[in-house]
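Quick look at what Swiss-Prot lists:
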- 26-33, 144-147, Val173, 181-184: ATP binding site (BINDING)
- His33: active site, proton donor (ACT_SITE)
- Gln57: beta-alanine binding site (BINDING)
- Gln57, Gln150: (R)-pantoate binding site (BINDING)
Amino acid sequence: MKVISSIQELRDQLRGQNRTAFVPTMGNLHEGHLSLMRLARQHGDPVVASIFVNRLQFGPNEDFDKYPRTLQDDIEKLQKENVYVLFAPTERDMYPEPQEYRVQPPDDLGGILEGEFRPGFFTGVCTVVAKLMACVQPRVAVFGKKDYQQLMIVRRMCQQLALPVDIVAAETVRDTDGLALSSRNRYLSDAERSEAPELARTLQRVRERVLAGERDLGKLEQDARTHLAGRGWAPDYISIRRRANLIAPNAAELDAGEPLVVLAAAKLGATRLIDNLEI
């Protein structure tokens, strides 16, 4: 595996490749990330991964400086997955001058849910993903359903900007107790780690109630928030939305069996966890 930081060297290395499969990450890799590499290999060759902690998607009170950087360990994991190139640019490589041009998603998708609680987050995501796509020029790129809203925004961005890349969605990888794998799980204390799977269990109960025919989605969402708050969580949102566009469904859509997803974000202690479950 070649480890490359220069954009020009990356382009030289990939010249002539027309089936490249790309997996962008911020590093601190876990089994969830590695499953993306394996899925990428099913859709293209060679597989290219990137590791870049993108300052643009961190808010002023978020953990950019504390975000775990484990490059050597990540390199060893990617080598075992037969990744062809790891693109690991420095901030100077990616942003040699101030990044004045940004890619901003529409408010109806980028300003809700995560976008409401993390203003500017998806602008940072779209800007760096578009730039990485321009550098790697993949045929396919793999994103996890764990970040459901991000997946949808990136897919729509590629469609609307006519980027010649297919976005492949990867299922969420969970620990044996149901907790979705995340780099932020390492911040949990032992007691918090024992409690953390309750987020997934809460979403499962919401899913079951919707499938059983409950139609008062507002009450379902409020019950779930109240349940978590009673266990010491601080929920930002628990929301049932249409899978197609993350708009709240109306009664007719519910009766017609519109595919739905329930999404959640909540703090447990100092750690903010997100999860979702398709209905």
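Positions of Cβ are set from backbone N, Cα and C atoms, glycine also.
As the structure is a computational prediction, the values presented were derived from the model and not from experiment.
Among the listed binding-site residues, namely Gln57, Ser183, the Cβ with the most fellow Cβ atoms inside 10 Å is that of Gln57.
Ranking the binding-site residues Gln57, Lys145, Gln150, Val173 by Cα distance from His33 (active site, proton donor) puts Val173 first. By neighbour count, meaning other C-beta atoms within 10 Å, the densest spot among the recorded positions His33, Lys145 is His33. When Cβ atoms from all protein chains are considered, those within 10 Å of Gln150 ((R)-pantoate binding site) total 22, not counting its own. Most buried of the binding-site residues Met26, Leu29, Val173, judged by other Cβ atoms within 10 Å, is Leu29. Within 10 Å of the C-beta of Gly32 (ATP binding site) we count 20 further C-beta atoms, all protein chains included. Looking at Gln150 ((R)-pantoate binding site) and Met26 (ATP binding site), their Cα atoms lie 14 Å from each other.
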